[in-house]
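Chemist: Sharing a structure below in structure tokens format, with a few things to ask.
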Amino acid sequence: MPPIEIAKAGMGAVGVKVPHTMAERLLILLSRYREASIAVVAIVLVVYFQVGSDGGFLSPQFMSVVLRDTGRLGLIAAAEVMLMITGEIDLSLSAIFSIAPYVMALMSVTWGVPLAVGAVVGVLIGVLVGAINGIITVRFRVPSLISTVGMLFFLQGIVVSIYNSQPIVAPVEQPFNAIFGQSLYQPSDALLSWHGVTAFTPFLWAVLIVLALALALNRTTFGLHTIATGSNIIGAREIGVRTDRMKIYNFMIAGGCAAFAGIINTAQFTSADPQAGSPFLTLQAIAAAVIGGTSLLGGSGTVIGALIGAFVVASLNNGLVMIGAQATVSDIYLGAAIIAAMILSIQVDRLRTRRRL
């Protein structure tokens, strides 16, 4: 018997199934190298838009816009990943994105509170809202889809009632602006020239926070318990994991990340706009998470993939307009990408269920 057949026979003898089709082998490769797979898609998009725009896509001015959108979207997408891994979701993050910097600017303008103190208060508000979402979800057994939609409208109502939903000019000065709004330095490299670097620091913050979340998710007990909660909540409880507490903690992380994303967005534009965080922002963040390889079924996800997925979404939103396509076309491509990513995710989950991975 040939060696390959012997190997297959031996693996079958111990109950391990071997994928036979090319499609299954491809699914296995994509599931094992999710970040690399979506990175390839991102590179293809960059090349396509660079050629279609006659070299304008990678210009410092345009990359400033793409990196800005990637930074704020990537933070919210990473926050959603932490929740989606536990089997939950938060649709109120866009409202937290709006209300946190609004409170920061309001405290500074009305009471003369230093902007840094207002920023801390804004992040704490995001964490508090996340905790409330988590408690409502796990203590009162309200599906997170419902509880967070309720919180979304509640927070939007608060923002609208303050200043009649008018933007507040935030007194953003140095060093706050340098740390959160723009770059600490002006590199001479053309790709990161002054015109292109205005979005560099917010993007850098997103990268740092995503890396911290990735480290926590993959190298700590907290991450292990988070994954266990989403993979098999009953089994996790039996081995002593406090699954309700893990969900609440991740709601708090999500709220804090959304609040911080709103603050760095305000630091860049020097204005707290209540309309900046529309519900569409949360939907795009969920799309970025799914495109990046996170399963909506829970138990599996990657925050780094979510950041790359955010870059893909930002590139689609801006690149299609740059090459002359109608604005609505980006929604068509984004919808198709979400459907394709979901089909791929479900197929991978089925293979795992059959113990083929």
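Quick reminder: no glycine exception, Cβ is built from N, Cα and C everywhere.
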Chemist: Can you dig out which of the ranges 5-27, 304-326 TrEMBL describes as transmembrane segment?
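Modeler: Of the candidate stretches, TrEMBL labels 304-326 as transmembrane segment.
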Chemist: Ranges 70-88, 279-297: which does TrEMBL label transmembrane segment?
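Modeler: Spelled out, TrEMBL records transmembrane segment over residues 279-297, not the other listed ranges.
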Chemist: At least three Cβ pairs under 8 Å linking the transmembrane segment (36-52) and the transmembrane segment (304-326), pairs spaced 6 or more in sequence?
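Modeler: Taking Cβ pairs at least 6 residues apart, the transmembrane segment (304-326) and the transmembrane segment (36-52) are in contact, with 3 or more under 8 Å.
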